[in-house]
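Following: one structure in C-alpha cells, then a few remarks.
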Amino acid sequence: MQAVQIDSTSALLILCAFGVAWLAWGWYLGRKNKTLDDFALAGRNVGFALATATAMATWITSNTTLVAPQLTLQFGVWGMLGYSMAALGLLLFAPLAERIRKLMPHGFTSGDFILARYGRAAWAVFIIISLCYALGWLVSLSMAGGLLLSALSDLSYLTGMTAILLICVGYTLMGGLRAVIATDFVQSIVIIIGVVVIAVVCINTVSFETLHTELSARQPELLNLLFPAAIMFFFNNVFFGIGEIFHSNVWWSRAFAFAPGIGRRSYFTAGLLWLPIPIVTGFVALAAVTLGVVPPSPDMVGPMVAAKLLGDIGAVFVFIVVFSALASSMDSLLAATSDLLTQDVFRKLLRPDSDDMSLLKASKVIIVLLGLATWLISLPKLATLGALLNFTGAFVASTIWPIVYGIFDRRLTGKWAALAMTLGTVSGLCGYFLVGFYVAAIVSCSVSLLVCRVGLARATTLFDWQQLQEAPRVLK
Amino acid sequence: MYLSELALTLIVVLALGITVCVPLYLLLQLCLDLKGKRLW
C-alpha cells in the first residue's frame, strides 16, 4: 500500500507560506542586530524559555522524525530507546554550559576554547572534526528535506532540498541567532503537537494489542530485548549523542548566548523534555507491519506511516512537522557553523586584524557560501540519513574526554588532547568499517579516554584558567 | 526474552504523557519571561 501524497501546487503553497513567514520574522528580529554579538550570539542575554526551547528544538532534528522510526524498524524497541538516550548529551552538557560561560565570558566558539586551552595542534584536529561533522549534519538535513518532499508530494527531491535550504539560509542571514532562537520556539511547539497527534491517531487506529500480536507473529526480533546489535546500538548512541553535543559549536554558541545563570537550567530542562520524543516518533514505525506500509527507504517509514494514518490532511500535517524539525536544526547549524568558520578560519587564520563589522560581514557571506556548498553536496543522494549520521560518530565521540578534561581538569595538555582525538577517530573508523556503525562511537570514545588518562598520568604542568578569560585570541 | 505488551504500552504512554506537557510548560515559561522582562 502507498501512503497518500499531496499535489505539487499544495506543497509549493505550504513552502511559500512558511518561507514568507519565517523570512519576515527573521527580518523583523534582525533589525535589532547592531553588533557581531547581536548577530552571532543574540546579545548574550537569552532568557530561560527561549533558551530551553531552542536547545530542545535544535536537538529535534529530521533525524528524530525520520531516523528514530528507521532505527525502530531496524532494531525494534532498542532503536527508539537508544535514540532517546541522545538526551543524555543535553543533560550532561548542562554543567559544562555553565562553566564555559564563566571561564570564557567573551568567547564565541568551541574553537576559541580549544585554541586557548590546548594550542594549535589540538585546535587543528578539533576544527577538522567539527567542520566534517557540521557539514555531514547539514547535508543529512538538506537530503532529508528533499526526501521528505519527494515522498510526501509530487515535488522532486531537488525542489524540496533547494526550497528548505533557501528558506533557512534566508532567515538566518536576516536575523542571525535571534531569528534562529525565536523561530525554534515556534517550531518546537509545532513539532511536538504534530508528533503527539500522529502517535495518538496511531494508538487509536492500531491498538497496542494488535500491534504487539502482529509484531510477535511477523517480526518478533523487533520486540527482542536480547538483540545483540540493538543493545550495542543503544550504548553506542549514548556516546554518540554526548560527543555530538559536547564538541559542536551549535551548543557552545548557545552556552555563550544564554544569559548568565541560564545555561545549566535550560540545557538540563531541555534534555528532560527531549527524552520521550524519540519514543513517541519511533513507536509509529512498529505499526508499519500492521498497516502494510513498505517504505522506499527505511528512513521514510515514519512519514509514510503517519501519512497513511492521517490521510489527505495527514500528508500536509506530516509535511509541516518534518519541515519544522528540519528548519529548527538547519538554521542553528548554519548560524553556528558560520560562527566557527568566521572566528576560527577567517579571523584566526586569514584576517587576524578584522574588526567587528568586517567579521559581521564575513559571517553573512559565509552563511550564503555554506548554504551553496550544502546544496552542491546534497545533489546526489550519497547515503541513507542514518548511515551518514552514524559515520560521524567516530569523529565526534573522540572529542568528549578532551573537552571534559579541558573544562574541569588543569592537567591535560594540548599534545595529549590532539593525540586522543586523532587516535579516537581512527580507531572509531576502524570499528565502523570492520564491525558496524553501531560500535564506531563506543570505540572512538574508549580509545580517546585511554589516551587522555595516560596524558593525565604523565602531566607535569597545570593550565592557568585565567588565560581563558582573555579568549578569543588569534593564531600568532 | 521479548518485551511484553504491558511494558510496551507503559513505555509509550509515559513518553506520550510527558511530551503532551512540553508545549504547555514552554508557553508558561515564555509568559513568565515576558512578564519579568527576561526574554532576551
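Cβ coordinates are placed from backbone N, Cα and C, and glycine is handled just like the others.
The list of residues near the transmembrane segment (A:12-29) in space but at least 6 beyond its ends in sequence, with Cβ under 8 angstroms from a Cβ of it, reads 155, 163, 166-167, 170-175, 178-179, 182-183, 316, 319-320, 323, 327. The transmembrane segment feature in TrEMBL is assigned to A:12-29 (among others).
Through the fold, the transmembrane segment (A:41-60) approaches residues 32, 86-87, 89-90, 108, 176-178, 180-182, 184-185, 187-189, 191, 245, 250-251, 253-254, 256-259, 262-263, 265-267, 269-270, 273-274, 277, 325, 328-329, 332 of its own chain, all at least 6 residues removed from its boundaries and within a Cβ separation under 8 Å. The transmembrane segment annotation in TrEMBL covers A:41-60 (among others).
Look at TrEMBL and you will find A:80-100 (among others) tagged as transmembrane segment. Beyond the transmembrane segment (A:80-100), the same-chain residues lying 6 or more positions past its ends with a Cβ under 8 Å from any Cβ of the stretch are 55-56, 59, 64, 67-68, 71-72, 107, 113, 230, 233-238, 240-246, 251-252, 254-256, 258, 261, 263-268, 270-272, 274-279, 281-283, 285, 403-404, 407-408.
When Cβ-Cβ distances below 8 Å are used as the criterion, the transmembrane segment (A:121-149) is approached by residues 11, 61-63, 66, 110-111, 114-115, 155-161, 163-165, 244, 247-250, 297, 299-300, 303, 319, 322-323, 326, 329-330, 333-334, 336-337, 340-341, 344-345, 370, 373-375, 377-378, 381-382, 385, 388-389, 391-392, 395-396, 398-399, 402, 414-415, 417-418, 421-422, 425 of the same chain, each at least six residues removed from its ends. Under the heading transmembrane segment, TrEMBL lists A:121-149 (among others).
Taken from TrEMBL, the feature transmembrane segment covers A:155-173 (among others).
If you look up TrEMBL, you'll see A:185-206 (among others) marked as transmembrane segment. Sequence-distant contacts of the transmembrane segment (A:185-206), counting only residues of its own chain at least 6 positions beyond either end whose CB sits under 8 Å from a CB of the stretch, comprise 49-50, 53-54, 56-57, 60, 65, 277, 280-281, 283-284, 287, 290-291, 305-306, 309-310, 314, 317-318, 320-321, 324-325, 327-328.
Residues or ranges marked as transmembrane segment by TrEMBL: A:226-246 (among others).
Look at TrEMBL and you will find A:267-293 (among others) tagged as transmembrane segment.
Positions annotated as transmembrane segment by TrEMBL: A:313-337 (among others). Note on the transmembrane segment (A:313-337): residues 3-6, 10-11, 14-15, 18, 22, 40, 54, 57-62, 64-66, 109, 131, 134-135, 137-138, 141-142, 144-145, 148-149, 152-153, 164-165, 167-169, 171-172, 176-177, 179-180, 183-184, 187-188, 190-191, 194-195, 197-198, 201, 248-250, 252-253, 303, 306-307, 367, 370-371 of its chain, located 6 or more positions outside it, place their CB under 8 angstroms from a CB of the stretch.
Annotation source TrEMBL lists transmembrane segment at A:358-377 (among others). Listed by sequence, the residues of this chain that lie at least six past the ends of the transmembrane segment (A:358-377) yet keep a Cβ under 8 A from its Cβ atoms are 35-36, 39-40, 135, 138-139, 142, 161-162, 165-166, 168-169, 172-173, 334-335, 337-339, 341-343, 346-347, 351.
The annotation transmembrane segment is assigned in TrEMBL to A:383-404 (among others).
The transmembrane segment annotation in TrEMBL covers A:416-443 (among others).
Sequence-distant contacts of the transmembrane segment (A:267-293) (same chain, at least 6 residues past either end, Cβ-Cβ under 8 Å): 1, 3, 52-53, 55-56, 59-60, 64-65, 68-73, 76, 79-81, 83-84, 86-91, 93-94, 97, 192, 195-196, 198-199, 202, 205-206, 210-211, 214-215, 218-219, 222, 251, 301-302, 304-306, 308-309.
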